[in-house]
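**Student:** So Swiss-Prot has the following annotated:
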TOPO_DOM  1-31  topological domain 'Cytoplasmic'
TOPO_DOM  77-94  topological domain 'Cytoplasmic'
TRANSMEM  32-52  transmembrane segment
TRANSMEM  56-76  transmembrane segment
TRANSMEM  95-115  transmembrane segment
Amino acid sequence: MARSTSKDAQALIQSLRSAYAATPSNLKIIDLYVVFAVFTALIQVVYMAIVGSFPFNAFLSGLLSCIGTAVLAVCLRIQVNKENKEFKDLAPERAFADFVLCNLVLHLVIMNFLG
């Protein structure tokens, strides 16, 4: 039974790899940006666990900045994806402008939180 589970897992990984190979390059760049933002948030959490969280506002601001940016990038990816039927009428330039404006608002709130 473990052998069939291993084969199923390998088949699943192979099918995911082949499906992702067909993804347009602009979506792959957004995916890379999301991975970078989440990785940066993880580094901040590990640093806080090792060193401590003396300026807790700074830690929360950095973490919320990374997570908020990743969420906004995922929203951008959903809107820019041509296969998504819900956002067919939305131009990619409009989606990017929304992303930039929301990022600006997010970071203004975070800077205000820092004090």
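Every residue, even glycine, has its Cβ placed from backbone N, Cα and C.
Worth saying up front: this structure is predicted, and the values here are computed from it rather than measured.
I would like each feature placed in context: is it buried or exposed, what are its neighbours, and how far apart are things?
**Tutor:** Per-residue pLDDT, averaged across the topological domain 'Cytoplasmic' (1-31), gives 86.
The topological domain 'Cytoplasmic' (77-94): residue composition by secondary structure is 7 helix, 0 strand, 11 coil, according to DSSP.
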**Student:** Count up the helix, strand and coil residues in the topological domain 'Cytoplasmic' (1-31) according to DSSP, in that order.
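**Tutor:** Summed by class, the stretch gives 27 helix, 0 strand, 4 coil.
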